[in-house]
Every structure is written in structure tokens, then in C-alpha cells.
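Below is one structure, written out as C-alpha cells; the observations come after it.
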Amino acid sequence: MVLKLHGAPYSTCTQRVLLVCKELNVPYEFVNVNIRVGEQKDPAYMKNQPFGQVPFIDDDGFILFESRAIARYLAQKHGSPLNPVGDLKKLALFEQAASIEQADFDPYAYGYALEKIFKPQSRDGGLQPNDAFAEQLKGTLEKKLQGYEAILGKQKYLAGDEVTLADLFHLPYGALITNALKFTGLTDSPHIARWWKDITARPSWQAVGNGA
């Protein structure tokens, strides 16, 4: 059976999985979940994703949710070096880079987007954006990116000289805040800018980012 991906195409977490599917040339059937009307909170949906979030996959009856876990699963299943499980030191450096994305990038990029994009677009209008907090998150992210500049001044990608999932995990939120909020932290510093230009030019992201 072909892999089924349940998600929303404009969801950053769904985009993370779509990106990996395209990187690996994995055939998939996309099952659209209308999160704008709350389909992800339907009881039938929550049998497979108990937190009522997108995405999840159904791989011939194997259900898995959480976009980074799905990405790792697919990369390992298809023997991709995007998840270098066969080399202990490369795997350790990959896990280090993946931790950097999840601890030093995602909370601030997501929080910035939440305050400036998601809250103003909330369906019920009950979420009030906090502009001061948004600026604080932006400033923290800019400081965190100084560490990225140091790392990328010594190597091509975050885990070494080969691209991994850790690099690709940055794309959905990085592109969102860069394009929608004119965030310049990914383009101002030379080594980050070189890395960002590289990963955003990948055909997989070009397809996902352009809605293909």
C-alpha cells in the first residue's frame, strides 16, 4: 500500500514531512485535513493523532505522528544519509544538529510566527498578539543564530559537510518568517546566508514551498 500522509499543505509540520517525501522520492497519497474548521479535532481523527494535530502517516497500517519522528522513520526506512544511522560519529553529530534546531531555532521561530501570523489569523479572534513578546523572540533568535554562524563558518551544513534532516527541519518556519515577516537573520550573515541559499534551493523544498 502507498504511504498515506494526513495533513494540511499550509501547515509547517506537514510541510516538513512533504519535504522529506520529496527528498526520498517516496510515493504517497495526501489526505487533506481542513484544520481551519477543526477537522483535526474530530474523534475519528484523534484515534490516530490523540493530540488533534497534523500530520500523521499511515504506512500500511503503521501509524506514526510528530513530523520529526516521521522524517527520521522515512529516512531510515529508505536508507537515506539524511539520517546517518550507520555511522556512530555521524549520527551523534546529526543528533547534535537536530537538537540545535529543536532547542535553539524552533521555539523562537515558531513563537515569533505565532505572535505575528497565527494569532492575528485565529478563527475566533480570541488570541491577542503580543508585539513586545514577538520582538523579544525575534531578538533571541537573532542571538541564537550567532552560534549557527560560528558552526557554518567551519563546515557546509549543521552536522558536517553533508546535508541531513537537521538542516531541512529549519525550512518551513525559516521560510515562513523570512517571507511573511521579512526576517533577515537567515540572510544577513555570510555563512548562514550561504547555507540558507543552499537548502532553500533544493528541488524538494522548491516543490513544497511552491505548493507542488
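In case you wondered, yes, glycine gets a Cβ from its N, Cα and C as well.
Summarising the annotation, TrEMBL assigns domain 'GST N-terminal' to 1-82. The domain 'GST C-terminal' annotation in TrEMBL covers 87-212.
Helix, strand and coil content of the domain 'GST C-terminal' (87-212), in residues and according to DSSP, is 86 helix, 2 strand, 38 coil. Broken down with DSSP, the domain 'GST N-terminal' (1-82) shows 31 helix, 18 strand, 33 coil.
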